[in-house]
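Have a look at the structure below, then the notes.
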Amino acid sequence: MRDTPLSNCERDFLLKAIQEKKRLDGRQTYDYRSIKISFGTDYGCCFVDLGKTRIMAQVSCELITPKENRPNEGLIFFNIELSPMASPAFEMGRQSELLVKLNRQLERCLRNSKCIDTESLCVVSGEKVWQIRVDVHLLNHDGNLMDAASIAAIAALCHFRRPDVGIQGEEVTVYSTEERDPIPLSIYHMPICVSFSFFQQGTYLLVDPCEREERVMDGLMLNTCLDIITMALVGQGADNIEDGYEHTLATSL
């Protein structure tokens, strides 16, 4: 990634503002930016605007052979793309450290939380199951990509409809939307990430950091469904983790 570093003056200004509980966009310490969710014409197409951060998620599906150790369960696959269109810091066709982290965190949030009934994706045990693919495209980067991506992904999954199928003997027929109404996914709950950034060895804590705030933060804590599912730390950013967790619970409730 071609990341342009902040000047010393910019860094000092941001940290000084955080000490005084001020933010560049006028928000309070624990204020979220405005969130806008819209849907495309196709099932499973969702756009999320978190402040100036904009993300599109598109869900698709296909019939595949299940894993041998889980013959009755479908699969869920996540793919995130960081385009230079969203930020000059991103390079096309290159798997960056940020991209790997975002993919892992999205999988922990949605797949590992078991929010989707994967057994309902089974068509023929041991032979055919649905694989659900969630493609997340970053359209504009202004910080807090994980929260925006999790919102876009779960909203797109709720909006998605898979084709209905019919089984006669060993033959599986996939019906078009004109022949039969498509089927929504079975979703148990809607996990959404809430990100907290730490500054000056955990002395200060902000929710929903923007891109410039992320550049000067010491660490990041992600919270989903009242439980801390992952934590990415840089330097000594989480010495005051207990206070951060209390703020997490208060915000989630």
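The backbone N, Cα and C atoms fix where each Cβ goes, and this holds for glycine too.
As written in TrEMBL, here are the features:
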DOMAIN    32-163  domain 'Exoribonuclease phosphorolytic'
DOMAIN    189-221  domain 'Exoribonuclease phosphorolytic'
Using DSSP, break the domain 'Exoribonuclease phosphorolytic' (189-221) down into helix, strand and coil residues and give each count.
6 helix, 13 strand, 14 coil
On average, what pLDDT score does this prediction assign to the domain 'Exoribonuclease phosphorolytic' (32-163)?
93
Kindly report the helix/strand/coil residue split of the domain 'Exoribonuclease phosphorolytic' (32-163) according to DSSP, in that order.
34 helix, 50 strand, 48 coil
